[in-house]
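Reading through the structure tokens given below for one structure.
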Amino acid sequence: MSHSTAPGEAPAGGDGPTGMTPAPHIAPVAPADSPTADGTPPDGGPPRGRRTGRKGAKASAPPGGITWRHRLRRDRALVLMTLPALLLVLVFAYVPLLGNAVAFKEFDPYIGESFFESFELSPWIGAENFQRMWEDSYFWAAVENTLLIFLIQLVFFFPVPILLALLINSIISPRVRAWAQGVLYLPHFFSWVLVITVFQQILGGAGLIAQTMREQGWGDGFDLMTDPGFFKFLITLQAIWKDAGWGIIVFLAALAAVNPDLYEAAAVDGAGRWRRMWHVTLPALRPVIALLLVLRVGDALTVGFEQILLQRPAVGTGAAEVLDTYVWNVGLENGDFGYAAAVGIVKGVFGLLLVLAANKTAHLLGEQGVYKK
Amino acid sequence: MSVLTEDREQEGAGARMRPAWEEPPSPVGLAAKGAVLAAACLAILFPLWIVVVTSLSSAETIREAGGLVMVPDGITFEAYRELLSGGQVTRATAVSVCVTVVGTVFSMTVSVLCAYGLSRPGSFGHRPMLMTLLATMFFGAGLIPTYLLVQALGLIDSYASLILPSAVSVFNILVLRGFFMNTAPELIDSARIDGAGEFRILWKIVMPLSRPVLAVISLFYAVGYWSAWFNASIYLNDQSKMPLQVVLNQIVLKGERPTGMSQVINTGQIHTLSVQMAVMVLALVPVAVLSPFVQKHFKKGMLIGAVKG
């Protein structure tokens, strides 16, 4: 999301002198006010800020001998500080990208002593795994389930935090507000295992509803936790229970930022409660809604992996197999690592395309989206 | 908005301070709002109430109620005493506590250092390093390669496999960085002029000024470690190393008997149900106790995350 805050920043290239003052820490806020030797770009324009001056800076000689070597020596403590996290990210986010190469192999992890030996010994098979995917009806069933769950959650889950935020925002008593928020935030911090076990106590075969029905003689066998037909709504219900309350934070912040004068002006102009909500409140929420929608659509292929995996045995794979659980099942359960990695790659590539497409749409509609153009 | 809220706060809770132009609330609207809010809170609290009450009920009470207990009839800590006097659940709780504490300290150390290292404008190479972190928010390497990596590093069946792969959250680093960037530059400059190094500035000036966000991010990390189930389920094979969430799944969802105490349950002294509910409460209590303390800072942390992150 910080992509949106740095207009005109070069995506890379921090090792060239970027037109900074000799002691950037001392005056970091207003670089434009402290023109230095290289503060003036070659085109003779006014001294530019550090962030916008990169065009000219690369051409001009480093002022006062501030080379990258000097800057490295000066900032070595800062660089040192970033290294542990950077190393972890490189190892656990970037290195596995290379491991995706097993998708083009008939990979058997136990053929050799180590991973590399196994990798050596496993034969290359080209795009065979991807071809197999095309003809795999289980794969397409997983795709269908994934998209269905995404759509159901978009329709039933997405609006809930917005409505809850409007409700909380209209409460005037600060004490009621604080208590309500405290209760609504709480389930966000529960683990999925806990959420599902809680749901089991209410909706399960030995749960409260089934128990009451038995006692009243209204029939036996009520169990929504193992009902494949209800499963997609069940996990939506669980997601709402767990995270709808947490989702209101962002909207409350946007609502708190609305200038109260706007409401007053609208009221003076004769707008009633609902018209004020339509013409003042909703426009204030629009950018946030657009941003969250973009994020949600970009993440469409990821639908509650842990949540679904935990309940998969209870309802069966017909209703509960989504792309992520399919990868898990094929790879880690059946040991078909190459094929599972291929499915993972396809999911990742389409996920990235979805992010870009959703963002593009947001731009076309005049919203900001996740990052700027 | 905030000005209005403050005025209202002075009026005392429950007192209404409406701007003159706003219509008085209709009783129907008020009732509807109250009903919706009460229903939402009840939907969250009622199931938890049942779980807690059943975990504290004796075998007799549970049998009388025909299962889950809604109204407490005497309180007994038998189930907890049994679960925490050695055996599977005791060990799992200890494992979870240790992993959470060690993991949170490790994650916070690494993240705070990184966030501060990237928070000074114009420092050497901060842009490519930042981009390296940011890019990971757009792709995931995928489950299979990650598993193969953990395996290749020899981390299978080690507690490190529960910490290292999830140790760094780029989002958390961005939130911290956003907060650090807002620390008054004059303070940092004067400390630098006085000869303080970066580590000392971070420790003595920036961190004390950032307590709210440090609390929020620590909670996020701690909750992440405490709630993690998947990593343990794929990276650990040794039953004796399993953390609480895995055991919770085994005992409540799969309905297995906790090892080391089945005799007491079989003889009917303690009802299986109260044992199951007690394990759930063990998983619930730490987060339910900790999160309200940090609640007032959530908005700040999330806001800065949204604006700068």
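Cβ from N, Cα, C; glycine included.
Heads up, TrEMBL stuff is auto-annotated, nobody curated it.
Annotation source TrEMBL lists compositional bias 'Basic and acidic residues' at B:1-11.
Among the features that TrEMBL reports, domain 'ABC transmembrane type-1' is placed at B:93-288.
Marked as region 'Disordered' by TrEMBL: B:1-20.
Positions annotated as transmembrane segment by TrEMBL: B:35-56 (among others).
The transmembrane segment annotation in TrEMBL covers B:94-118 (among others).
What TrEMBL records for B:130-150 (among others) is transmembrane segment.
Under the heading transmembrane segment, TrEMBL lists B:162-180 (among others). Within its own chain, the transmembrane segment (B:162-180) is flanked in space by residues 99, 102-103, 106-107, 110-112, 114-116, 118-119, 133-134, 136-137, 146, 150, 155, 206, 210, 213-214, 216-217, 220-221, 224-225, 228, 231-232, 235-236, 243, 301-302, 304-305, 307-309, which lie at least six positions past its ends and keep a Cβ under 8 Å from the stretch.
For B:273-294 (among others), the entry in TrEMBL reads transmembrane segment.
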What residues elsewhere in the chain lie close to the transmembrane segment (B:273-294), defined as a C-beta under 8 angstroms and at least 6 residues from its ends?
48, 51-52, 54-59, 62, 67-68, 78-80, 82-83, 89, 93, 100, 215-216, 219, 222-223, 226-227, 244-245, 247-248, 251-252, 258, 261, 265
Residues from the same chain, set at least six apart from the ends of the transmembrane segment (B:130-150), whose C-beta lies under 8 A from its own:
114, 118, 156, 161, 165, 170-171, 173-174, 234-235
Beyond the flanks of the transmembrane segment (B:94-118) by 6 or more, those residues with Cβ under 8 Å of it:
126, 129-130, 133, 159, 162-163, 167-169, 172-174, 176-177, 180, 198, 202, 206-207, 214, 217-218, 221-222, 225-226, 241-245, 286
